[in-house]
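Following: one structure in structure tokens, then a few remarks.
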Amino acid sequence: MAQVAIPAVALSGPPGLASTANSEIALQLIHNPGQDGSDKRSIHDDDVSPPVNPHVYVTPTYLPRRRAILVIGILSGTNFLSSMSTGFLTVGLPRMAVEVGVPDHLLLWPASVYTLTCGSCLLLAGAIADVVGNRKVNLVGCFLIGIFLFALGLSQTGIQLIMFRAMQGIAASLCFPTCVSIVANSVPSGRARNIGFSCLGIAQPLGFSLGMVMEGLILDNVGWRFGFHLCGGLTIMLFVISVWCLPQDMVKEGSKVTRLKKEIDWIGAGIISTALGLFSYVLAVMTNNLSNMKSPGNIVMLTISLALIPVFIMWERRKEKSQKQALIPNSLWKNAVFTSICLMILFSYAVVNSMELFCSLFFQEVQELSALQTSIRIIPSLIVGAIAQLCTGLLIHRTSAFTLVLTSLIISSAGPLLMALINVKWPYWYDAFFAQLVSPVSADILFTVGLLVVSDVFPTHMQALAGAVFNTVAQFGTSIGITFMAIISSYATKHSKFTDKSSPAALMVGYRASFWAAFIWMGVACVIGGFGLRKIGRIGLKRD
């Protein structure tokens, strides 16, 4: 079967995300039918929140304005540097693979293993942070990210490169959900918190784009190792500042061991983490080579991962009925807004990361441009994404979330449509440029809106878990999207009329099919948003 040569660019998320990339946030939805006469509904109209233990947690204390700005800057900086290292890896991976001897069958793993380990650990990390304290967990994560970035720059073998990248993913899983909780509990609701949340998201595309450009400039001068050492050093510097700056945890002192035993659904976390880890691994090997799915080991892992999903659902139902702490209570999914937002995040992140990947392949494999030229052509999408997130933070409390989300979904649907209709001989400015401009809009607006909704269904003391849920859905969407688009592309290329299946013309048949599939997925997201968000009301509003 003709294979899709997939670079690192989209397998790390945004990040998410973020790799994507890569992301986390929180806010409140309120029911306040006064003042302007509008009915500002809350997603809590259906009471599905996990139980709160008022004897363990204290009321959050908001930071002074200047310190809040510094805290947001530090947390955003950690996201920025982690995403920047992914940009370095995206452009420099071919050179790295040659220098440290990464085998061909493992070429994608330095990129994809980050998403695999990070996505598998997010829920558990969020649950632990809500008990142990967000500050402690975030500091550990920030320090480890810096250490493993240094280690990546010192890698001498392919296995070392892959393992250090995997460890970076685990460290990142400690930071992403805790960033949500720290901002949610340190910055008052309203415009200030909205902007803070947007800044966390802006850091990821900006870091990723700067990393790609810088790696293209330094690769032939000081070498690829310099970029990782730079990011590692700056991350350690942020860690030192964080020790002084991050607010103290609002969790009261007590026996951490006892509370870890009683207040965390360890069995549920183990079940879902195992399921997500196995499923993500199978998706990764299928993306590399679809024939890998025929391996007995991969079939067994896929079967186990799928079987664990209903087991997790039944376990959570049992925990809810006994009124014990459940990781993700099944009753949450009865909330139409919450469920719809999660599905739209999944589809949007699947499409935006797939677009990034296949646009990169289109520029390199079909139009035969260099890696640096390709990176420059993708940068507009990252810049637009950052602007969309900032504008969302500034305006979300003044506009209808339903209108904003649905409009962004429709706009972003034009991205894959433009690429599906493109003439390969057209200049960049005729078609591809506009596709890059509109593609990221929905995912980046949903970054803020989605986290507001997801965090609102969790109580104050579980905001880290709320951030973990959001990041898990986003990263899972990225993995599913890239895998299925790669399968569609490979199938279309294999059955094309061209004899040489590796020719630009044959590859374009596959890429065009993937763009059409992405367009259909965006259509599904539009339908979900049109029906599921009708009662979302206003979000991001200040409340006393």
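Glycine too: its Cβ is placed from the backbone N, Cα and C atoms.
Here the structure is a predicted model, which means the values were calculated and not measured.
Here's what TrEMBL has on this protein:
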- 68-91: transmembrane segment (TRANSMEM)
- 71-541: domain 'Major facilitator superfamily (MFS) profile' (DOMAIN)
- 111-132: transmembrane segment (TRANSMEM)
- 162-183: transmembrane segment (TRANSMEM)
- 195-214: transmembrane segment (TRANSMEM)
- 226-246: transmembrane segment (TRANSMEM)
- 266-286: transmembrane segment (TRANSMEM)
- 298-315: transmembrane segment (TRANSMEM)
- 336-363: transmembrane segment (TRANSMEM)
- 375-396: transmembrane segment (TRANSMEM)
- 428-453: transmembrane segment (TRANSMEM)
- 465-493: transmembrane segment (TRANSMEM)
- 513-533: transmembrane segment (TRANSMEM)
The transmembrane segment (336-363) touching the transmembrane segment (465-493) per 3+ Cβ pairs under 8 Å rule: yes
Segment confidence, the domain 'Major facilitator superfamily (MFS) profile' (71-541), expressed as mean pLDDT: 86
Considering the transmembrane segment (375-396), which listed stretch of 162-183, 195-214, 226-246, 266-286, 298-315 counts the most C-beta pairs under 8 Å: 195-214
Candidates 68-91, 162-183, 195-214; stretch with most C-beta pairs under 8 Å toward the transmembrane segment (226-246): 68-91
For the transmembrane segment (513-533): best-contacting stretch of 68-91, 162-183, 336-363, by Cβ pairs under 8 Å: 336-363
Cβ contacts under 8 Å made by the transmembrane segment (162-183) with residues that lie 6+ beyond its boundaries: 22-26, 71-72, 75, 78-79, 82, 85, 89, 102, 106, 109-111, 113-122, 125-126, 129-130, 134-135, 137-138, 140-142, 144-145, 147-149, 151-152, 155, 193, 196-197, 200, 246-247, 451, 455, 463-468, 470-471
Same-chain residues at least 6 beyond the ends of the transmembrane segment (68-91) whose Cβ lies under 8 Å from its Cβ atoms: 7-9, 12-16, 18-19, 21-23, 62, 110-111, 114, 138, 142, 145, 149, 152, 165, 168, 172, 175-176, 179, 182-183, 186-187, 192, 196, 199-200, 202-216, 219, 224, 227-228, 231, 234-235, 238, 241-242, 245-247, 371-372, 375
